[in-house]
Amino acid sequence: MTSDIEEVSGRSFDYIIVGGGAGGCPLAATLSERFSVLLVERGGSPYDDPFILERKKCGLSLIQTDEFSSVAQQFVSEEGVVNYRGRVLGGSTAINYGFYSRASRDFIRSARWDETLVRDAYEWVESKVVFEPKLSPWQSAVRDGLVEVGILPFNGLSLEHLEGTKMGGWIFDDFGRRHTSADILRTGVSKNITVLLNATVKNVIFHDNGDGSKLRACGIRFIKSDCNSDNIYEAYLKQPDSESWGDVVLSAGALGSPQILMLSGIGPQEHLERFNISVLMDAINVGKSIKDNPGIRLFVDSQLGSREIDTIQFVGIANDFQIIIQSTILPISFNATRIRISAKIAFPVSRGKLQLNSTDPRENPSVRFNYLAEERDLNKCVEMVRLVEQVSQSKSISLFLGTKCNETVKFSDDELREFCKMNVRTYFHYHGGCAVGSVVDEEYRVYGVDGLRVVDGSTLLDSPGTNPMATLLMLGRYQGIKILKENVL
């Protein structure tokens, strides 16, 4: 790993991967088995940060953020909902709550993935960064509360996406140390991997043969991630003797990948011209149909406390897979925690749009998720609130908290719809913006150009399983294996 841009500037590689998150790191490790790989990450190393590495400090990285250097970069949707994106090697796997659970078989089939290769890729990831949780007293109460209100069957420990209540895996080992996707890089061929940290990609460089054929990605331009320099540097794909080239692969996430495509001249023409960006391709679907799972949270403790931080071990998968419910004890400041029960709509139909705010790739793009805009989502939210309330009033939860099971106030559906509109939150599982079938094909190649792929959450039509982490880790390995099989440089 290096943060010395001069060390990388001007060099050529078989593959260039933009973004060292859940998808980018396993993809880089896999491709390094045969090819030279440059992995460019806009953040720094996770290995000297206790807020990342220690489970007992999980969530603290979201409390103190800044514009250019914090490991969690805050952004606010146009609706005013606060959200975060990872800005560190490991991406969101370095700042999330660590719960690991696979996608459902139906999801895998609808994505038209090779089921055997998917299974092998999941198992490969799990052998490296996934562990069995140690049951905590609070999570034991959560488990009993979920079962008590009828979120059945009880499935015990399982990595599969099963309706009912289950314990999943997590990325914390027996010593409470987090293992991010960055750890997977160690399994690659080290001499073939160059990891450039604290560098933000400005745009993809394209080559025009001048013969009417497709443009081909041939490199990237990048800048230092701090705010002190605007010098532009370049790195390139190797030009092979044969016609077989490598690729630039965007793995910058649901905000970063559509943003980079637009800054590269691939996006809605009218929007790009507003920023004086030369339009290479009028790709109207870039940034469209971005989604976030609407969530609701309920604090079940009566006041601020100092309980030990406790991350997710059990989830309830309810209402025909439509609602995911879980609980955490997380910090709201550096010296106080709260207990919350949270739930999300698993498959929202409301869709939003991502657009540029500026031509500076270090700035967040503008995004509107249109939470609960569709009536179906609003009705699901009513179901979700009632379920969260049931769990919070369960005997198991009340016994743990030392409170009485009070008879709940009856609210009408209309009242709860208004409550949902006023209190909707993110579950941090936003996805889309470069969806398969509209921006990329089933091999994750960007339509209309050669040598450019997207492999990350921006390609997803829905969020898989209880959360997307496991499937994005899998997808990096999965696509890496497919590329190795199809392309010999």
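One is the number of the first residue shown, and numbering goes on along the chain from there.
Cβ atoms here come from the backbone N, Cα and C positions, even for glycine.
Predicted, not measured: the structure shown is a model, and the values here were computed from it.
A disulfide bond in TrEMBL ties Cys420 to one cysteine from Cys227, Cys381, Cys405, and that cysteine is Cys381. The recorded positions Val88, Cys381 differ in how many other CB atoms lie within 10 Å of their CB, and the one with the most is Val88. The number of other CB atoms found within 10 A of the CB of Tyr427 (substrate binding site), across every protein chain shown, is 22.
Of all the binding-site residues listed here (Val88, Val201, Tyr427), Tyr427 has the Cα closest to the Cα of Cys420 (disulfide bond). Taking Cβ-Cβ distances under 8 Å and a sequence gap of 6 or more within the same chain, the neighbours of Val201 (FAD binding site) are Val18, Val40, Arg42, Ile220, Arg221, Phe222, Ala252, Ile260, Pro361.
All protein chains considered, the CB of Gly457 (FAD binding site) has 32 other CB atoms within 10 Å.
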